[in-house]
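Participant: The annotation domain 'Deacetylase sirtuin-type' is assigned in TrEMBL to 1-183. If you look up TrEMBL, you'll see 106 marked as active site, proton acceptor. Residues or ranges marked as Zn(2+) binding site by TrEMBL: 114, 117, 138, 141.
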C-alpha cells in the first residue's frame with residue numbers, strides 16, 4: 001500500500017507537508033480553501049482550478065524512482081499480490097506494474113468520464129485540452145469531462161472493494177509513503 005511519499009523523490013509534492021505540500025501552495029489557483037480543488041461541488045461550480053493543477057500532475061511530467069522500481073521488482077519476482085495506491089500520478093504504471101496488479105484507490109488520469117452523459121474517454125482524449133489550459137468538454141453533450149480521480153465525497157473505485165480478499169491472502173503488507181490518513 002503506497003501513498004504520495006513514494007513519489008516525492010520524483011519531484012511530485014505530497015499533499016500535507018508544511019511549506020512544500022500541495023495544499024500549502026494552492027493560492028495561485030484562486031480557491032476558497034485548499035481542499036476545494038478536490039471537492040465535487042466546487043468542481044461543478046468552477047472546474048478551471050482543478051484543470052490548472054491537473055496540468056501539473058498529469059502523467060508524463062515525472063519519472064518513476066527507485067521505490068517504484070522496487071515495487072516493480074516485487075512484481076517481476078512474483079512476490080506482489082496487489083499494489084494499492086493512493087497516488088494519482090501514474091508512476092506505478094509507468095514503472096511497468098501491470099494494471100491488473102494495481103488498485104488505484106484515489107482514481108487515475110488514465111480514464112475520464114463526462115459529468116453529464118457519463119460517456120467514457122481515455123485520459124489521452126482530454127490531454128490536449130488540459131495542456132492548453134482548456135476545460136475538456138464532451139463532444140456529444142458538451143458536459144465537462146473529468147479525469148477518473150476520486151474527489152472528496154465520491155465512492156472509492158469498485159476495484160478497491162473487489163480485491164478486499166487480498167489482505168487475508170497476503171504474507172506481508174508494506175505501507176510506504178503514507179500515513180493512511182484522509183482528512
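Just so it is clear, glycine is given a Cβ too, placed from its N, Cα and C backbone atoms.
Explain the structural surroundings of these features, please.
Facilitator: Over the domain 'Deacetylase sirtuin-type' (1-183), the average per-residue pLDDT in this prediction is 90.
The number of other CB atoms found within 10 A of the CB of residue 106 (active site, proton acceptor), across every protein chain shown, is 20. In the three-state DSSP scheme, residue 106 (active site, proton acceptor) falls into the coil class.
Neighbour count (other Cβ atoms within 10 Å of the Cβ, all protein chains): 20 for residue 114 (Zn(2+) binding site).
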Participant: Closest to residue 106 (active site, proton acceptor): which of the binding-site residues 114, 117, 138, 141, going by Cα position?
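Facilitator: Closest recorded candidate to residue 106 (active site, proton acceptor) by Cα: 114.
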Participant: Among the binding-site residues 117, 138, 141, point out the residue whose Cβ has the most other Cβ atoms within 10 Å, with all shown protein chains included in the count.
Facilitator: 138
Participant: Compute the centroid of the Cβ atoms of 114, 117, 138, 141, then list the same-chain residues not in that set whose Cβ lies within 8 Å of it, in sequence order, for the Zn(2+) site.
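Facilitator: Not counting the recorded site residues, we get 115, 116, 118, 119, 140, 142, 143, 145.
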